Amino acid sequence: MNQVFFSKIRSLVSADRHRFKSKEMDLDLDLSYITDNILAMGFPGTGLEASWRNSIDDVCELLKQKHHGKYMIWNLSERVYDYSKLNNQILEFPFLDHHPPPLSLLFEIVNSLSNWLKADAENVAVVHCKGGKGRTGTIICCYLYYSCQFEIMDDAKNHFAEKRSKMKKGVTQPSQQRYINYFKEIVSGSHMVEEFVLTFRSIELGPLTKDQANSLSFEIFEHAKEPILNFASSSNSIQIVPINNDNSESNNNNNNNNNNNNNNNNQQQQLYKIIILIQKKVQNDVLIRVYRGDTGKGKGKMKKQIFHLIFNIAFVNLDQCLFGMNEFDHFKSSKKYDPNLQMECRFQNNCTGAPDHSFKIWNIMALQYQRTKSSLNNSITDIKSINEINSTNNNNILASSAPTPLTTTTTTTTTTTTTSLPSSEHSTPQILISSSDANLDLKNCNINCDSSSGGGSNSSRNSNSNSRGGSSNSSSNRSSTSSRSSITTDSIKPSCSSDSICNNSSICNNSCNNNNNNNNNNNNNNNNNNNNNNNNNNNKNSNNNNNESSSNSNDDSDSEASIRKRKNTLWSSGSSIKLKPSPNLSRLSLFNGHRQSFTKKINPNNNEENVDQKTLPILKKETNDPSESDIKNVEIIQD
């Protein structure tokens, strides 16, 4: 019962603020997750205060279970509590309730918050004041804008209000909103802060009634310091000046639609304004408090604050600042005063001292914000350009997926290189590989290329697979033999992977099916090659004579076919192959791990290995492609 009773009291105290509720941990806290790593909460109370505010034990349990060793607390209130329960993970930046922090302190708090969250992606910042809305919201909104999570400050304020309040009421005090705008203008580079000294000449406040003017008292502070001046209505330093009736009547007539009873009464009364002569040098932040005094005793005794006002000297335009009633802080009795009530502050810049141009913390943070924003814009531009390139490549792949007519010159097209078969007499097939990660599988005689070269046309592979159907030693089938012996078109098999540029699933499926068909054809061809090799061994003398006569009598295509036929035996699995690679080919990473200083041959009778000390000459060339001489220098040892 006690827990239910206290829970209802806490809900009434927190009013419209979102609460953190967990049945598993049995917690009900005045705490809200503004982002995944920023928390706003009310003051953690102890003893009797914990009955209507957050209990410090419950807060400690939540942080230890969900963010153990990764949390830091910012205490913005003027009060302290037992920090040892939270492992002393607390930073104190106290300033008054319903007030903004001084401008320099505002930047210090946001900078410390940013440094903590940048140190580790899992770090969590917990910010609290008394109620966890006004002062807390001022700091969090400035950080959300400074970290480039929101490009517009109003969006950051709306986000905080939505996450913290059920009625979407976040930072409501005018001076706190004013300092948030100060922060935005400085960080974005819209306003350059120069610390200088001005002479505060006077304050004018009106229109007021006679009783109101006689009961007011004033205090002027340099923010976060003791008051530098005190003024009461009974003293000689305050002048009460009547306002002209014509002006008052015209002002009242303009506001008849907005104010019914109050304006009718003001039209019948003489209105006044208060003029306070100050003549005091001030700088940085200025705080003005207005009180209602006790006029019954004829003294300017301070009784109750009506409102206060805070601004910074660096943002004074020309020689005056004008503030309306909607810019006064904590003005609860505003209905008793004229709606046109305003305060005018006059300054004079007649100081001989030069302004302070030293490098301040806001200058450093402004530079950091500009760098973060520029890097973010560059990353967004890069993402857009990458998306455009991907869409262009997808369109090109879809356009190239259509079948092309079969021609005598087979061409394999990839994303980066193009491989073709020349038909000249003394030319050899060229291997152009676009990826440096190519590997050679000598058993299956396949060159597995990287996914970057996986955009080859399917028509060329289909034409090659069709030409592998049968084999013969006659000259009429040499065209099929030459197409079967082509390294360029038969050995390159692109792999379909997730990193391939073939984003279209149908194209990848077709290419994979074609590769499966080609593998089946290769198995059949290997069996045919074994039979052909046996026939070649039985008819060696006759084939040599035929080859010599055909080499002298046939045309350029016959000589090219004979070269390809010899080369085809190198990749057949039926014979024992020993290769002496060229150093030029090793640069393509095709023969890595296969370089040997001698060749071995196996004697089938006694299963012993005999070392053949014959060495092969290595021809040095400037290109990376195998030439005809490289192929002729390969020793073929057959059983």
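Here the Cβ of each residue, glycine as well, is placed from N, Cα and C on the backbone.
Predicted, not measured: the structure shown is a model, and the values here were computed from it.
Taken straight from Swiss-Prot:
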type	residues	note
DOMAIN	20-190	domain 'Phosphatase tensin-type'
ACT_SITE	C129	active site, phosphocysteine intermediate
DOMAIN	195-350	domain 'C2 tensin-type'
REGION	243-265	region 'Disordered'
COMPBIAS	244-265	compositional bias 'Low complexity'
REGION	395-429	region 'Disordered'
COMPBIAS	395-424	compositional bias 'Low complexity'
REGION	451-498	region 'Disordered'
COMPBIAS	458-486	compositional bias 'Low complexity'
REGION	519-567	region 'Disordered'
COMPBIAS	519-554	compositional bias 'Low complexity'
REGION	598-628	region 'Disordered'
COMPBIAS	598-608	compositional bias 'Polar residues'
COMPBIAS	619-628	compositional bias 'Basic and acidic residues'
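Sequence-distant neighbours of C129 (active site, phosphocysteine intermediate): residues of the same chain at least 6 apart with a C-beta under 8 Å from its C-beta are F43, L76, S77, D97, R135, T136. Over the domain 'C2 tensin-type' (195-350) the predicted model carries a mean pLDDT of 78. Secondary structure at C129 (active site, phosphocysteine intermediate), as computed by DSSP, is coil.
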